[in-house]
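Encoded as structure tokens, the structure appears first; notes follow it.
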Amino acid sequence: MAVAGCASLLLIALQLAGPCGAAATALPVVINTWAFRKATETAWRTLQLGGSELDAVEKGCGQCEIDQCDGSVGYGGSPDESGETTLDAMIMDGNTMEVGAVADLRHVKNAIGVARKVIEHTKHTLLVGESASLFAVRMGFPYEDLTTQRSLSMYSRWLNQSCQPNYWKNVVPDSSKSCGPYKRLEKVSFEEETISQRNVHNHDTIGMVVIGKSGTVASGTSTNGGVHKIPGRVGDSPIAGAGSYADSTAGGAAATGDGDTMMRFLPSYQAVEYMRMGTDPTVACQKVISRIQKHVPKFFGAVICANTTGSYGRLQITLQLEFHLLPNLTCFDCLCCLKHKKL
């Protein structure tokens, strides 16, 4: 099964002009991972109404938090192994290189909004856990329950399946058969994870790149993380250079997939650096995915890239370990574009 088939998709893009499905050079441009079209349209509309690129990223990712995109973004999805939904998000200004991020955020729904406040009201980059929630409340965000009937049902089913799958290894009792509680195994052994243990929807995220008319770049991410993750786990999404990266002198990139693997390679940062050297965005995406695969052959994920001229590229690697460059797309394939249309 692929990470995403052409019908389900990798990339939504909106451009002011240019041939549909082509990597045109018209600006502005909004691209994001997965088929979260409403989020893309919200970001585009924000630009058309005079908002900044950072505003567009915040509103676009925030739309996915409201819509609970694919159950993998926002409240009421991906309960951890204690049954709680927690959120990760980041936003980056490609002009100032400032980053605001939150991780393991609890009881606050608008994670990308809180991340924006980290830039605006602190000298820090990343806030985590309950302390991040307290900061959010001080910034005026409501303190709310992120649990829903859906997330409770997911958690209950998982418990009834002996907590399978989970993220433990080298523990007793056997984590492949029991819910624990676990203790460390004295003799640590190498245990290779099989593809069958993975679930594509454990790792979905919205990653967004916005490039304004003048070439100004902003990027951001939002996710509720891996389903049944160990409490306290933080993936790639709120890590600058991993989940996304923006530099108005080169371009922007965002990643989605197996975050525990992707964060080790900073694929978004690397993709932007390739584009800085003149590499085509699609080739930049391919190069960073290839680098990861050399070390982790069973890795799966995707990267989107856009340079400051508005050219963009995208690449995903499927569970069959095949590259999908998605060339020559039309509006009916994996890439959607709006041509000469004001929203």
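Including glycine, each Cβ sits where the backbone N, Cα and C put it.
Feature annotations, reproduced from TrEMBL:
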SIGNAL    1-22  signal peptide
ACT_SITE  Thr205  active site, nucleophile
BINDING   Arg233, Val234, Gly235, Asp236, Thr256, Gly257, Asp258, Gly259  substrate binding site
Original post:
Looking only at Arg233, Val234, Gly235, Asp236, Thr256, Gly257, Asp258, Gly259, the residues listed as binding substrate, what is the longest Cα to Cα distance in Å?
Top reply: 16
Subject >> Largest tally of Cβ atoms lying within 10 Å of a Cβ, found at which of the binding-site residues Asp236, Asp258 >> reply: Asp236
Subject >> Spatial separation of the residue listed as 'active site, nucleophile' from Gly257 (substrate binding site) - C-alpha basis, Å >> reply: 8
Subject >> Spatial separation of Thr205 (active site, nucleophile) from Thr256 (substrate binding site) - C-alpha basis, Å >> reply: 6
Original post:
If you count other Cβ atoms within 10 Å of each one's Cβ, which of the recorded positions Thr205, Thr256 has the most?
Top reply: Thr205
Subject >> C-beta crowding around Arg233 (substrate binding site), within 10 angstroms >> reply: 17
**OP:** Tally every other Cβ atom lying within 10 Å of the Cβ atom of Gly259 (substrate binding site).
**Re:** 28
**OP:** Determine the most Cβ-crowded residue among the binding-site residues Val234, Gly257, using a 10 Å radius around each Cβ and all protein chains in the structure.
**Re:** Gly257
